Amino acid sequence: MGTPPRTFLILGCFLTGPLLTLCQLPLPTIVPNRNEMVVQLNSNFTLKCSGDSEVSWQYPVTEGSHRIDIRHEENNSGLFVTVLEVGNASAAHTGMYVCYYNHTQVEDGEVEGKDIYIYVPDPDMPFVPSLPEDQFILVEEGDPTVIPCRTSDPSAEVTLVNSLDKPVYAFYDSKQGFVGNFLAGPYTCKTMVKGVEFKSDEFLIYILRATSQLPVEIEALKTVYKTGETIVVTCVVFDNEVVNLQWNYPGKVKEKGLIKLDDIKVPSQKLVYMLTIPDVLVKDTGDYECTARHATKEVKENKKVVITVHDKGFIHLEPQFSPLEAVNLHEVKNFVVDVQAYPAPKMYWLKDNVTLIENLTEIVTSSNRVQETRFQSVLKLIRAKEEDSGTILWLLKNEDEIKRYTFSLLIQVPALILDLMDDHQGSAGRQTVRCLAEGTPLPDVEWLVCKDIKKCSNDTSWTLLTNNISDIHMEAHLDERNMVESQVTFQKVEETLAVRCVARNDLGAVTRELKLVAPTLRSELTVAAAVLVLLVIVIISLIVLVIIWKQKPRYEIRWRVIESISPDGHEYIYVDPMQLPYDSRWEFPRDGLVLGRILGSGAFGKVVEGTAYGLSRSQPVMKVAVKMLKPTARSSEKQALMSELKIMTHLGPHLNIVNLLGACTKSGPIYIITEYCFYGDLVNYLHKNRDNFLSRHPEKPKKDLDIFGMNPADESTRSYVILSFENTGEYMDMKQADTTQYVPMLERKEGSKYSDIQRSVYDRPASYKKKSLSESEVKNLLSDDGSEGLSLLDLLSFTYQVARGMEFLASKNCVHRDLAARNVLLAQGKIVKICDFGLARDIMHDSNYVSKGSTFLPVKWMAPESIFDNLYTTLSDVWSYGILLWEIFSLGGILYPGMMVDSTFYNKIKSGYRMAKPDHATNEVYEIMVKCWNNEPEKRPSFYHLSEIVESLLPGEYKKSYEKIHLDFLKSDHPAVTRMRGDCDNAYIGVTYKNEDKIKDRESGFDEQRLSADSGYITPLPDIDPVSEDELGKRNRHSSQTSEESAIETGSSSSTFIKREDETIEDIDMMDDIGIDSSDLVEDSFL
């Protein structure tokens, strides 16, 4: 049997294949004969390949593509057969399977043969796993590339996204992936399987730029080393990573050195190669070179660095100055030293063995590296001083060597004359002039004289002195301070001459001059100098006295009238009291006024007890209080007192204020005549009745009296002004002044102008005609009998009356500014009256007042806005009202016990500190205090609401009793009331009403006034029309007969005369002598 012809053909091709390219075998065949096939997941499949020569398989190699078995089979037909079997197929087996002849050449990883593409769809792995090297894609710039994100399912829809998760549009082939031109960067493929999104591995495309050169840099941390250290050299290749790098260095032959690819930074396209040589020797000195070659192009680049290795460290100095340096005073000078050293040395500057610290204010040292082994150190003198002279040492040291450099610093100082003085020696005319000079170098001293004083301004008039002159002697020497002391002695000075001392050194010359006076002229100059000194002392003393006088506090009225300038009333201005009118109806004749004891005296004036004759028909004789200034008062204080008078005339009458009765403003000092209050100020009254109060209220134990700051038995230590009847202080001179027309006072019995008023009927409380109330306490609230003592209802009554009085002031737009218990007086019947007693109080020595500039302020009573912002309103008076309540219910205790008025006090007030509840206050009363002390003024209650609140705490009958007394007061012929009506009869100012309707109008006007108390505008009471002349005549005819009866019916200000126990017959006789019927003598019960 012969060989088949096909066998010979194949054998012939093998023999001639290398020589004959036209002899080619047919492609192998694959069974199944398909281009692609889909295989179910986890199934088995078999591929059989046959060909005319030995064949092999090329199949996908990915992670998980194992379980592939290849075997060869015999075939009778002479074909070569190879079988590929895959068991448990997975998505990793998806790919191209190629059968090829063994002799086929492989080009770029691909072979020529028969192929079939197998899909193994896996819903849990839609993308075929890829090898790590397939995820980094290198591509030449401008060439297309393939992103091999293949799917295991041919029907899958795939999207390509970039690093920003934005889609990239390109052609997609499930067998290859995305094909196109892409920018450098990372890419990811996405697909959806049954509503679930899957992502492929990230593929990084790196573009190789077409370049004709390789940017290469070589870097060395150091170029100088010493033996035993480690050399580190780095070679950096930019812009292209496909390079081959080669090192050349002295130790390369012995393979000494470690080469490492440090890192790859794709964004900057940089490759870093590091050469490390440990334990270097001197012979490692030389060139270190790196050469980079492009992997695909004929591009080459090399760089080198010279490395020097020393046996040990070294220091070489190069100072830029000499061992002796001279610097002028105040000059700025730099001393520079250049250094070559390795390792880097530590450098120190020392002066006189003391280390100089860097960055001093006047000597600055600095050191810096110029190059790798070159350094520079600088010592800088800033405005050189004399004490900078000395020895300067510059010290350098490193691990292997120490070097020093020393130089001397000399500060050159210009010549300076420290002193030039003359020494008088006896009366014969011998005088010595001494000149003390210094400088560096030491100066030379010369002496010159000028005998013609008028021409001494010309240098040619000066003559140089020498020792050749017979009556002149000169000498010089160094003193213990190394200063030049030169002196010249003149044996006789017969006339005035000028002497000049000249000190000169290398930096210049200075001169000083003095005049030598003949002994005969010296005594005259001494007298003139003494007179001049005395004149200067007198002028300075006058200036000091004027300053002290101007800084002395001036009297100013605390009450102020305000006028709103904004709709909400929050903005206001003070009304100038001097612009208010003064009605002459208030004028009272001086001869109708007799002055008595001083009730109170202050820095600016005093309040005197007095007796007024003829203020009203029902009260021909009335005890009054007279306010006046001291004789030393200044014009500004007189103007302030006149302002107070005008404000009081503007306010009008009210039961709970100290009412104006009259005034004396003409032909003499200003007198303000006001009501007299029997019990004095409220503080004094509370102190005196404290024990009585505690005995009536045993539930209030007598605790330690720290809150009062005193011993109860020692009332002399109180800081309040007590309105006692002490005969202290001087009376104001009532005699006629030299420069003014003065109306003398009407002389009474025995011609006395000043009457020492005894305790008589005017001291006795009057009685009121009022209904009996159901409760005994209410009966005594407005009682005239002082023996009833002090009760808690009395304290509430005082509180209520003050609120009503302040409500009245607020309705008149009047701000008190000093509301305190010391400025609240108590009249008969326990009627409270608000006043301003500042004139009669020595506020400069009163601990309740704190100095603020040229004035004194009651800080503990003031609202925060008044203390810190100088803002005074009715609402700031509300704060003071709360403080007053604390005084009342502590029975006159000291405010803020234990606290001084200092920065701590102010900070506590700002932070919300408030006083605790006083011992005798109820919770309701303390709640009123807290409301008054609200830090926000607009949240404080008005006086109208305060009176309503306090009224609710009093018995129901109290308001009726109070309103009756108040109404009776407004109906009475009290001088404060009658002078506000019209001037109906010049001879008699009495009760002149048309009818009772006007009285009702006044009542209703008062109610309206209360409702408008916080309106911010002045709301005067309605005027009362006078009665007709006929009706007036009828009333006047009966007035003398019914004065007592009418006084009792009014129940307000008059009561019949009743002799008191301490009253004498002489008092009655005195009134009879002046023509006053004692039966007609009445007294205002509110005084």
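Backbone N, Cα and C atoms are what each Cβ position is placed from, and that goes for glycine too.
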Disulfide-linked residue for CYS435, taking Swiss-Prot as the record, within CYS290, CYS456, CYS501: CYS501
Disulphide partner cysteine [Swiss-Prot] for CYS235, chosen from CYS189, CYS290: CYS290
Recorded disulfide partner - CYS99, candidates CYS49, CYS149, source Swiss-Prot: CYS49
Closest of ASN75, ASN88, ASN458 to ASN353 (N-linked glycosylation site), Cα positions, glycosylation sites only: ASN458
Arithmetic mean of per-residue pLDDT over the topological domain 'Extracellular' (24-528): 86
Residue from ASN44, ASN75, ASN88, ASN458, ASN468 whose C-alpha is spatially nearest that of ASN102 (N-linked glycosylation site), among the glycosylation sites: ASN75
Among ASN102, ASN468 [glycosylation sites], residue with fewest other Cβ within 10 Å: ASN468
Integer Cα-Cα distance in angstrom, ASN75 (N-linked glycosylation site) to ASN44 (N-linked glycosylation site): 24
Between ASN44 (N-linked glycosylation site) and ASN88 (N-linked glycosylation site), the C-alpha gap once rounded to whole angstrom: 5
Neighbour tally for ASN75 (N-linked glycosylation site), based on other Cβ positions within 10 Å of its Cβ: 10
Counts by DSSP class (helix H/G/I, strand E/B, coil) across the domain 'Ig-like C2-type 2' (116-208): 3 helix, 46 strand, 44 coil
Cβ neighbours of ASN353 (N-linked glycosylation site) where a neighbour is any other Cβ within 10 Å: 8
